[in-house]
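Q: If you scroll down you'll find the structure; I have some questions about it.
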Amino acid sequence: MTMACWHCGADILSGAPFRARTPEGERDTCCAGCTAAVEMIHQMGLEDYYRLRTDTAPLAGSEDQARTLALFSLPALVAPHIEPAGDDTRRLRLQLGGLHCAACCWLIEKVLLAIPGVQDARVNLATMQLTLTFAADTAHLPRQAAERLLNLGYQVSLPGDPHRDRQLAREHRQMLGRLILAGVGAMQAMMYAAVLYLDVFDGSDAVFQTLFRTTSLLIATPVVFYAGWPFFQGAWRGLRHGQLTMDLPVALALALAWGGSVVNMALGGSHVYFESAAMFVFFLLISRTLEQRQQHRIQRAWQQLQDTLPRVVQRLENDQRVWISVREVQPGDLLWLAQGDTVPVDGTVHAGQGDISEAALTGEARPLTRHQGDTLSAGANVLEGQFSLRATGTADTSLVARIAEQVARAAGERVTVVRDWQRVAPLFISGTLILAAATLMLHWSSGPAIAFEHMLALLVITCPCALALAVPMTVSATLAAGLREGILIASPTQLLAVNNVRGVLFDKTGTLTQGRFQLHEYRDVAVSAQPETLTERLAIAAALERRHPHPLARAFDTLAADNAMTELRVTRDGAEGRRLGHHWRISGDPARARSDSTCLLLSRDGAPSLRLWLCDTARPEAPRVLAALRARGLRLRLASGDAQASVDALAQQLGLPEARGQLSPDDKARWLHQLSLDEGPQMMVGDGINDAPALLHAAVAVAPANATSLARHAAGLYLLGDSLDELPALPALAAHSRRLILQNLGWALGYNLIAVPLAMAGLVAPWAAALGMAGSSLLVTLNANRMNRWKVSSC
């Protein structure tokens, strides 16, 4: 009879060897861990947990527990995450796993509050995060808390780099606060300015005019000197280093507009420009906010890759396993790896054998067998078996770390979408200052006040407001249009480069294929008649594979499993169990494998019963996507780390004339670089870590939705849907975006070419210059908003 564990709900297939003693009697459990958890909960008087919960407790493997406890035992890894919460109080935030309901939160909080020194424990079910507040003199408390959580069956881990997260969050809050202040201030200042411009007051209302100007001054001052402070900082920083930056004319215009308005008010003048300064700051901060988001995205991408590697590992010392930080690993160290571990550093197998997955590194979906003397790369996952690994490098010299550095460096070079303007900025700024000085001298004979007004009008007209908005506003609208079509545009520069692309290089596994094994074919191979039907045998195979950790086993997840299977056991090369007195076993059958599929054999009492072929099939939308790209005149190719036979089979199926297999990450990058030299700019579409170098060398880099974190952040564009159907929309979106950008730049430059001579001639008053600048900016904004109506169907 099959029973369920009282704590976690797992099946107890062969009796109940473990029993937990409680005041209500004994409870059947599946293992010693669940037994200890049940007894601890009752001993602490928290048995209400079993009444309140809506799901069973999670399972936690003993190896995972040991690894987690080792991590929390190393002060060097835990200390950076502890922050002050008072004079004698500390706070630690931890990430939890296995939470199901409010009862889990209640139980965790009660258990942790029982630890001496814990002052507060709060669990957020939505974010799966625990905030622990404790006395500063309890140095070992984090380990105690982790041990309690693991004993309950929950997973606990340290979050990402806390200093980095806090710094990025602080920068984001500051920029967002400046943007909101500028937006609100600009709107308020414009309301008062509109009343003054429309001259609704007669001569007897001078008091109200002064009141409105004073109110505009109070509103514009924090906008200019707090929200606009980054522009003053940038201008001063450039001057200190002898550079004329785009911030200089912005800062000069803001200072003169605000200062000139204050002087004009003091002298009884009628014209003030506070609203123009506030609007100027608001529009430019939109561009700065987009740039900051891109910078933060790059920093998080680099860190997320580092977080995929383990933080602790077992080192063999005098035949003993000792947990150490991965940062302590040195070349020559002997490390121990077991099933489920991630290889922390590059090395060679010293002893042992087993199967690993390098899907994240090479894109190869099939498991790979490694023996003594074979090389293992950091980031590979151990699927089966055990290894002792001789380290050949450190955490900072691994293949993953090198690729991450490439991503951060290359992405950092394409942060700003207006970098072309940086080359002409010194000339533009120098010209602006020369014209302003010339205007002042030209009209000095008419009086200093008049000369100042004409110079201010010139500076306001030549301020790069419309120029600064021409690209960011269009880009902002393009980002929204892309999202509507299921395309996230991380690099607008790459989107515009789509217009010049001559060919597309596709990765295979996970890009043109579905990236997971599926049951492709099965065949009855029983020598003698067997009573079980083919459907029953498929259900038996599904039952055997259901709990197997191997990626091949996921092909059986959609099949109905046979419920009569007992004594299930995962073996070195498969799985086995019993059903109605017969022994069933499933294992690999490499002799029958094909170029595009893996073969498994199901046997009954040692005799062959059913042979199954599993393969990674092409995406159903791939043919029409490739056809749409061919129709645009693009040359399509396939590059993969898989075996050449498998690559050729897919290329033939999809009609790709050129396909290369067994390529390393650097091989892909070299091929793409050569294609760029021979034919022109190329687009790369890939989803794995192994595609990152090629993505970096591509003029346009696209990652599908299922891409690894590194591939997504190495790419400038990525698809949000589960298919590639959005890919053909890129050329049309890029063409429309470029057209709007050129229109906006043309208008902004034309406006300056016409308005500058008029301002120098003294024919434009400062208020008219402010209105002209605002009107020019409004026209640019309205033209950019045409992108909001864009759809692929309209092209």
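Using the three backbone atoms N, Cα and C, a Cβ is placed for every residue, glycine included.
Quick paste of what TrEMBL says about this protein:
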type: DOMAIN; residues: 90-157; note: domain 'HMA'
type: TRANSMEM; residues: 176-198; note: transmembrane segment
type: TRANSMEM; residues: 210-232; note: transmembrane segment
type: TRANSMEM; residues: 244-266; note: transmembrane segment
type: TRANSMEM; residues: 272-290; note: transmembrane segment
type: TRANSMEM; residues: 424-444; note: transmembrane segment
type: TRANSMEM; residues: 456-481; note: transmembrane segment
type: TRANSMEM; residues: 740-759; note: transmembrane segment
Q: So which of 210-232, 244-266, 272-290, 424-444 has the most C-beta pairs under 8 Å when paired with the transmembrane segment (176-198)?
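A: Selected stretch: 210-232, with the most Cβ pairs under 8 Å.
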Q: Below 8 angstroms Cβ to Cβ, which residues of this chain, lying six or more residues outside the transmembrane segment (210-232), approach it?
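A: Same-chain contacts beyond the ends: 178-179, 181-182, 185-186, 188-189, 192-193, 195-196, 247, 250-251, 254-255, 258, 261-262, 265, 272, 274-275, 277-278, 281-282, 284-285, 288.
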Q: Do you know the DSSP helix, strand and coil residue counts for the domain 'HMA' (90-157)?
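A: Looking at the domain 'HMA' (90-157) with DSSP, the answer is 24 helix, 25 strand, 19 coil.
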Q: Short question: which residues 6 or more past the ends of the transmembrane segment (424-444) have a Cβ under 8 Å from it?
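A: That would be 243-246, 248-249, 252, 450-452, 454-455, 458-459, 462, 464, 756, 759-760, 762.
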Q: Please give the average pLDDT for the domain 'HMA' (90-157) in this predicted model.
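A: The answer is 79, the mean pLDDT of the model over that range.
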